[in-house]
Amino acid sequence: MGKEKISFKEVHHSHSPKTTLWWFFLVATCIKVLLFPAYRSTDFEVHRNWLALTHSLPLSQWYFDETSPWTLDYPPFFAYYERFLSIFAHLIDPQIVHLQEGLNYSSNKVVYFQRVTVILSDLSLLYGVYRLTRNLDSKKQKLIWSLIIWSPMLFIVDHVHFQYNGFLIGILLISLSYLEEGRDLLGGCIFAVLLCFKHLFAVAAPVYFIYLLRHYVWGGMIRGFSRLLIMGGVVTAVFASAFGPFFHLGQIQQVIRRLFPFGRGLCHAYWAPNFWVFYIMADKGLAFILRKLGFNIQMPAASFTAGLVGDSSPFSVLPKITPSVTFIMVLLALSPCLFKAWKNPKPQMIIRWIAYAYTCGFLFGWHVHEKASLHFVIPLAVVAAQAPEDARHYFLLSIGAYYHCISWTDSLLLLQRPTQALFNSGCVKAKPLG
């Protein structure tokens with residue numbers, strides 16, 4: 001009997017945490033493969049076009065090309081990544097990376113190829129989750145793995161709608177894992193790399209700056225100054241490797257214009273449920289009431305939203321909101337977190353602070369996309385395993401975010417095929433056109 005118990009323990013311990021995590025990833029991959037034929041949004045064509053322009057054009061034309069309305073508006077590291085993927089796309093089907101003939105190309109080859117690239121890119125998420133959880137007990141590990149690797153939001157946004165958020169959030173988690181270990185220089189370096197992949201993660205930059213200044217740099221004149229130079233040198237080297245070629249070509253202003261298209265309006269075409277939605281509703285409500293009372297109030301018919309760059313409509317009653325106003329609002333909302341990070345820079349708190357920063361950006365930022373909720377929901381999954389109170393907060397927040405993503409995807413599908421959707425629902429009896 002004793003031998004049987006020893007044998008059972010040996011078999012049980014043979015399944016290492018790494019092996020179990022790979023099983024989690026394998027199950028997620030099977031689900032993602034089943035989603036290959038699912039609906040996909042315009043972002044699918046966006047990334048296909050980026051494959052084509054980075055493959056077909058010299059680097060000097062990447063941020064000027066307007067062959068497609070979906071122009072390149074991510075930082076250079078992501079453009080380089082698209083260029084790397086385009087090598088394999090060309091081998092599979094040259095039309096994928098053809099600048100003209102590839103427009104709106106949607107054969108099975110391009111669909112399968114791009115879907116597979118998202119799955120393989122999620123390996124960064126797998127590594128980030130592993131690094132953050134490798135020292136936790138088995139129950140907490142599996143809880144966090146299920147919340148992140150099997151996240152419904154990532155399935156919807158990345159593997160149905162089509163994005164690379166898992167890949168990018170994986171880089172964020174890797175950076176946070178190094179900060180938790182006290183390896184601040186490497187954590188700061190990886191965050192700089194992340195910003196050169198997608199600049200919208202910069203909302204957390206003030207927290208990184210204050211935390212690293214207090215935890216890594218602070219402490220004596222000579223030691224502090226030398227560490228400041230080291231950290232500054234590493235971050236500068238990362239940004240130089242990304243933006244250096246465009247600086248050499250004299251195209252930095254053009255790159256910046258593409259990265260920050262403020263003309264898209266205060267809200268995204270599919271509104272994120274943040275503070276500015278209530279602000280706009282209040283403006284519309286006040287305008288309606290004042291007009292009923294006899295005041296001459298102009299109510300523009302144009303929308304406050306835009307998917308592409310364009311003029312957003314003015315407010316009727318309340319003061320106009322500019323990008324600088326949203327920037328100040330985000331900083332004000334961040335200030336309690338920055339104060340805590342300066343007063344007591346604990347590595348164990350860094351994930352909470354970063355999640356809080358992205359929550360502030362979601363609530364008060366300019367032209368916030370609905371998928372930006374991933375930036376705080378995924379890190380909070382790590383926090384949720386620490387205490388029942390954290391789990392309750394995560395549960396409520398994640399359910400709201402998941403519901404919003406599902407509603408948003410449904411609305412995109414309805415707008416893409418409106419007549420077909422109405423016909424299938426039974427609301428329209430006539431045969432749909434096209």
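Each Cβ is built from the backbone N, Cα and C atoms, and glycine gets one as well.
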Handout entry: transmembrane segment range according to TrEMBL, out of 321-339, 378-396, 397-415
Key = 321-339
Handout entry: Residue numbers, six or more beyond the limits of the transmembrane segment (321-339), whose CB comes under 8 Å of its CB atoms
Key = 203, 206-207, 210, 262, 266, 275-276, 279, 315, 353, 356-357, 360-361, 363-366
Exercise for the section: Please indicate, using numbers and ranges, the residues of the same chain that are 6 or more beyond the transmembrane segment (185-213) and have a C-beta under 8 Å from a C-beta there. Expected result: 74-78, 81, 168, 171-172, 174-179, 228, 230-231, 234-235, 238-239, 241-243, 259-260, 330-331, 334, 337-338, 341-342, 345, 350, 353-354, 356-358, 360-361, 365, 372, 375
